[in-house]
């Protein structure tokens with residue numbers, strides 16, 4: 001292992017004069033593994049969406065495989081059952097990642113889900129839809145740990161200067177996995193492999209990734225056997241080479257005890273409550289788009305977007321590609337200007353929520369017989385631009401509390417995914433006639449309102465400095481020292497400078 005990983009520490013490892021750390025190191029390998037893990041996780045999440053078409057209509061795919069007589073009601077239960085389990089393990093997943101290490105919770109989340117995916121055809125054969133429904137709920141339970149684990153993992157591995165970039169790289173894997181699965185599943189189902197191979201292949205890939213992850217990853221930099229001293233110092237140390245926002249993050253040593261979770265402070269923290277609302281509002285708009293737009297396209301424009309796999313994957317592809325565009329834009333701005341962290345977060349969050357808001361309003365004014373190309377363009381912009389939130393609120397958990405980032409993500413993602421279930425039900429109450437464009441306009445207005453208010457709250461109440469409850473007991477911030485007239489040491493002063501006024505790039509020209 002050490003020999004294999006040395007290529008990430010050898011010729012590619014250069015430390016520039018500005019002390020930015022290794023240009024390419026073990027932390028980048030870890031993020032690539034996380035990218036692949038999220039790609040696998042999302043492919044396991046969406047594989048049933050395409051497979052269920054072949055499972056219920058073999059004459060249009062491959063008549064050599066079993067067919068099941070499931071009506072639309074049963075299919076809707078099967079497709080939503082994943083989220084029944086998914087919301088349950090969000091907070092426990094963050095708690096376990098905090099105490100036992102994100103390496104193991106991420107591993108078990110993907111490994112269990114992958115194993116269950118392989119069992120899906122057998123469960124359908126011996127237990128019909130009730131057993132498949134139970135299996136999908138169990139897959140949701142296992143995957144509920146993955147996002148909190150990823151945030152916990154990145155809070156340890158991502159230096160503050162690179163935080164938004166590395167978080168975006170990792171989470172773009174989710175869209176990549178969705179694009180691949182939606183694009184290839186139809187071909188697999190209609191080939192000699194048949195629809196069961198959709199589950200077999202995704203499950204085998206997931207299990208294979210799990211053992212690669214177990215072998216090459218580590219929960220913290222200090223636990224990785226191949227990391228260089230220079231890179232370890234860059235990631236973990238505080239001082240001139242680090243941004244102050246990482247001062248609240250404890251050392252990643254395996255012996256460092258986990259801090260007790262300050263539950264009362266978390267749920268009374270204004271910036272965190274704001275983050276919950278922003279995440280909630282984002283999911284309302286995002287899932288309204290992804291679940292209801294196909295119906296809108298079919299009923300208003302006469303286009304069944306689900307009948308074309310690549311077309312269904314187009315918004316996800318746009319989101320994946322735009323993730324890298326926004327990363328480049330963020331790096332360009334930070335290198336050229338002295339950008340404050342809060343400015344960067346709020347700027348990209350505004351793009352990620354208010355651009356989709358405008359696109360949603362535009363979709364509401366496309367009536368029956370309108371331009372299909374324009375509608376698809378607006379849909380793609382609405383979903384794709386949302387990638388900017390990876391550099392906005394979606395990394396803000398780590399800004400507020402590096403020590404408890406996974407737990408914070410578990411809480412906000414739990415609430416947000418409950419909304420993901422409620423939003424489509426609300427659409428059903430508004431749209432009583434699917435061919436009535438006025439009713440759809442109301443749906444889009446409601447979603448646009450959530451995008452607008454959510455980002456407005458983030459602009460006004462969002463914060464990026466580590467909260468006082470993030471710090472171990474006895475460790476104080478500058479604000480606390482000032483309030484008690486105690487002069488901090490020079491190291492403490494450096495470590496706890498307020499992020500709201502600190503530049504994102506220390507080496508940018510003033």
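Glycine too: its Cβ is placed from the backbone N, Cα and C atoms.
Copied from TrEMBL, the annotated features are:
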- 29-466: domain 'Major facilitator superfamily (MFS) profile' (DOMAIN)
- 32-56: transmembrane segment (TRANSMEM)
- 104-127: transmembrane segment (TRANSMEM)
- 166-189: transmembrane segment (TRANSMEM)
- 195-216: transmembrane segment (TRANSMEM)
- 261-280: transmembrane segment (TRANSMEM)
- 313-335: transmembrane segment (TRANSMEM)
- 347-368: transmembrane segment (TRANSMEM)
- 374-393: transmembrane segment (TRANSMEM)
- 405-430: transmembrane segment (TRANSMEM)
- 442-461: transmembrane segment (TRANSMEM)
- 471-488: compositional bias 'Polar residues' (COMPBIAS)
- 471-510: region 'Disordered' (REGION)
*Most Cβ pairs under 8 Å with the transmembrane segment (261-280), selected from 32-56, 166-189, 313-335, 405-430, 442-461*: 405-430
*Cβ contacts the transmembrane segment (374-393)/the transmembrane segment (104-127), at least three under 8 Å, sequence gap 6 or more*: no
*Can you tell me the mean pLDDT for the domain 'Major facilitator superfamily (MFS) profile' (29-466)?*
85
*Take a look at 104-127, 166-189, 195-216, 347-368, 442-461 and tell me which one has the most Cβ pairs under 8 Å to the transmembrane segment (313-335).*
166-189
*asked:* Please determine whether the transmembrane segment (166-189) and the transmembrane segment (195-216) are in contact (criterion: at least three Cβ-Cβ distances under 8 Å, sequence separation 6 or more).
replied: yes
*Apart from its near flanks, which chain residues at least 6 from the ends of the transmembrane segment (405-430) lie with a Cβ under 8 angstroms of it?*
80, 83, 86-87, 90-95, 97-98, 102, 147-155, 261, 266, 272, 275-276, 279-280, 282-284, 287-288, 291-292, 397-398, 439, 442-443, 446-447
*Report the listed stretch (32-56, 104-127, 442-461) having the maximum count of Cβ pairs within less than 8 Å of the transmembrane segment (195-216).*
104-127
